[in-house]
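Feature annotations, reproduced from TrEMBL:
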BINDING   GLY35, SER36, GLY37, LYS38, GLY39, THR40, ARG156, LYS199  ATP binding site
BINDING   ARG61, LYS82, ILE83, VAL84, GLY109, PHE110, PRO111, ARG112, ARG160, ARG171  ribonucleoside 5'-phosphate binding site
BINDING   ASN116  CMP binding site
Amino acid sequence: MGTVVDAPVVVAEEVTENMLGGKKVTVVFVLGGPGSGKGTQCANIVEHFGFTHLSAGDLLRAEIKSGSENGTMIENMIKEGKIVPSEVTIKLLQDAMIKSENDKFLIDGFPRNEENRAAFENVTISFSLFQTKISPAFVLFFDCSEEEMERRLLGRNQGRVDDNIETIKKRFKTFVESSLPVIEHYSSKDKVKKIDAAKPILEVFEDVKAIFAPYVPKAE
Ligand SMILES: Nc1ncnc2c1ncn2[C@@H]1O[C@H](COP(=O)(O)OP(=O)(O)O)[C@@H](O)[C@H]1O
Ligand SMILES: Nc1ccn([C@@H]2O[C@H](COP(=O)(O)OP(=O)(O)O)[C@@H](O)[C@H]2O)c(=O)n1
Ligand SMILES: [Mg+2]
């Protein structure tokens with residue numbers, strides 16, 4: 001038998017540089033159960049790596065406060081630990097991205113179910129200048145036990161209507177039933193970077209930093 005020379009294998013890379021209203025954007029989805037530390041770590045990432053933090057939950061709470069016609073519906077869904085219809089949340093995220101001067105976004109707490117995920121891809125196509133889908137560069141997944149998350153949520157003290165034990169149980173159920181499948185979807189595409197979020201804040205951030213190292217802002 002002659003020598004076998006392996007042909008080079010070309011693997012098509014998924015597009016992770018997206019065009020939004022004519023500008024290139026990098027999107028990282030930040031997922032994890034309620035109380036896993038998404039917001040806390042996003043604040044650190046903003047400070048060190050120059051991303052803009054868009055929390056779906058914060059945008060929805062601001063929408064309630066603004067007196068929007070959807071306010072009562074959103075508030076009821078949040079109190080029940082349910083996921084607000086995608087069109088509402090996506091509009092808020094889309095507006096915030098278009099308004100921003102930045103080109104690097106942390107999208108925190110979204111997509112939280114399959115409907116969120118599919119709708120985000122579709123809606124983006126229709127307004128993106130180059131008809132490109134926004135697909136995340138990667139998904140950061142904060143992994144934490146329910147016991148620890150419950151302890152954190154009950155101690156959060158931000159006056160949230162959903163940080164009570166009854167709603168917390170409902171949010172955990174929604175997370176397992178609706179949000180974990182989204183993480184599994186991205187995991188099957190090798191896009192998930194899982195972090196042990198049960199550790200103290202600074203230790204979690206050490207692991208986060210290693211992941212964001214390629215995104216370090218250029219020196220001025
Ligand atoms: N690694 C951690 N260890 C202990 N407490 C934490 C940790 N990360 C966050 N917290 C606290 O837990 C609560 C929930 O954190 P938060 O960032 O709001 O989580 P999420 O956005 O995932 O719900 C906050 O009071 C926060 O200060
Ligand atoms: N994509 C999303 C994100 C949040 N939400 C709602 O907003 C609530 C609070 O979300 P959040 O991300 O601020 O909560 P935490 O995980 O940070 O505790 C969720 O429990 C949902 O009711 C939603 O409907 N859809
Ligand atoms: Mg949060």
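The backbone N, Cα and C atoms fix where each Cβ goes, and this holds for glycine too.
Keep in mind that TrEMBL annotations are predicted by a computer and have not been checked by a curator.
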Legend entry - Distance check against GLY39 (ATP binding site) for the binding-site residues ARG61, ILE83, GLY109, ARG160, keeping those with Cα within 10 Å: GLY109
Inset, instruction - Would you pick out, from the binding-site residues THR40, ASN116, the residue whose Cβ has the largest number of other Cβ atoms within 10 Å? - result: ASN116
Inset, instruction - For the binding-site residues ARG61, ARG160, work out the Cβ neighbour count at 10 Å and name the residue with the minimum. - result: ARG160
Inset, instruction - For THR40 (ATP binding site), identify the closest of the binding-site residues GLY109, ASN116, ARG160, judging by Cα separation. - result: GLY109
Inset, instruction - Around ligand 1, within a Cβ distance of under 6 Å, which of the binding-site residues GLY35, LYS38, GLY109, ARG156 show up? - result: GLY35, LYS38, ARG156
Inset, instruction - Would you mind reading off the Cα separation of GLY37 (ATP binding site) from GLY109 (ribonucleoside 5'-phosphate binding site), to the nearest angstrom? - result: 11
Inset, instruction - Quick one: give me the count of other CB atoms within 10 A of the CB of GLY35 (ATP binding site). - result: 25
Inset, instruction - Measure from the Cα of PRO111 (ribonucleoside 5'-phosphate binding site) to the Cα of every one of the binding-site residues SER36, LYS38, ARG156, LYS199, then give the nearest. - result: LYS38
Inset, instruction - Would you list, in sequence order, the binding-site residues among GLY35, SER36, LYS38, ASN116, ARG156, LYS199 whose CA lies within 10 Å of the CA of ILE83 (ribonucleoside 5'-phosphate binding site)? - result: ASN116
Inset, instruction - Can you grab the distance from LYS38 (ATP binding site) over to GLY109 (ribonucleoside 5'-phosphate binding site)? Cα atoms, rounded to a whole Å. - result: 8
Inset, instruction - Using C-alpha atoms only, work out the spacing between ARG156 (ATP binding site) and the residue listed as 'CMP binding site' and round it to an integer in Å. - result: 26
